[in-house]
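J.: So that we are looking at the same thing, I have put the structure below in structure tokens.
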């Protein structure tokens, strides 16, 4: 009983009244409050502005491209870039290109847009002396598609009122052929060739053409065997079997 009533010294101290501690109880983590941060971290903590910040005016500048003056020239017949690279061979190798050389335009005869188109043969004969070698070469390349008209002569161009169907005259009737150019119409007067062999449907198309008629084949007649010959052949076979059965076979 005495053992139960007795208490240890540590338990008596815990059960006794606690004396008020003179110091404030500290936190376990000892975290710093917000008011103490400026004194502890003076370098990191931003300082209060002593005076109001002076605002600087913002100036907006507009970027404008420099205007390049290009002389107004009527539409040239060829690109100035092509002529620039062609004339590059005659220039000295040490010369550097400038802006004036890049935008330099060569004198090219311009074609008026509102003037009527004259005859190509008359125009080529009158301007052969004026055109240089390159213009003459380019004009030949452009007029290459008109070589068929040149071979026909002036007969097709002498009658501008008549039309030409360019090889499709077979689709026209007899009345419409009267207004076609006579150069092309002369070829149409030929009589069309008629096939000597009459037309017949192709009978060799599988699945489309009707099936061909089957031809009946005659069966070959086999020679008949007489009953007497069969009896003789059966009797000979039976005699051979009987002789084989009567043979004495000795097995040691």
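Note that Cβ sites are derived from N, Cα and C of the backbone, with glycine treated the same way.
Here's the feature list from Swiss-Prot:
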COMPBIAS  86-104  compositional bias 'Basic and acidic residues'
COMPBIAS  105-116  compositional bias 'Low complexity'
COMPBIAS  124-140  compositional bias 'Basic and acidic residues'
MOD_RES   21  phosphoserine
MOD_RES   33  phosphoserine
MOD_RES   35  phosphoserine
MOD_RES   75  phosphoserine
MOD_RES   83  phosphoserine
MOD_RES   98  phosphothreonine
MOD_RES   107  phosphoserine
MOD_RES   111  phosphothreonine
MOD_RES   115  phosphothreonine
MOD_RES   154  phosphoserine
MOD_RES   159  phosphothreonine
MOD_RES   209  phosphoserine
REGION    1-48  region 'Disordered'
REGION    72-142  region 'Disordered'
REGION    199-222  region 'Disordered'
REGION    230-252  region 'C-terminal Sororin domain'
J.: With helix taken as DSSP H, G or I, strand as E or B and everything else coil, how many residues of the region 'C-terminal Sororin domain' (230-252) land in each class?
T.: 16 helix, 0 strand, 7 coil
J.: CB neighbours of residue 209 (phosphoserine) within 10 A?
T.: 11
J.: Does DSSP give residue 209 (phosphoserine) helix, strand or coil?
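T.: Reduced to three states, the DSSP call for residue 209 (phosphoserine) is coil.
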J.: Tell me, roughly as an integer, the mean pLDDT over the region 'C-terminal Sororin domain' (230-252).
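T.: Averaging the confidence scores along the region 'C-terminal Sororin domain' (230-252) gives 88.
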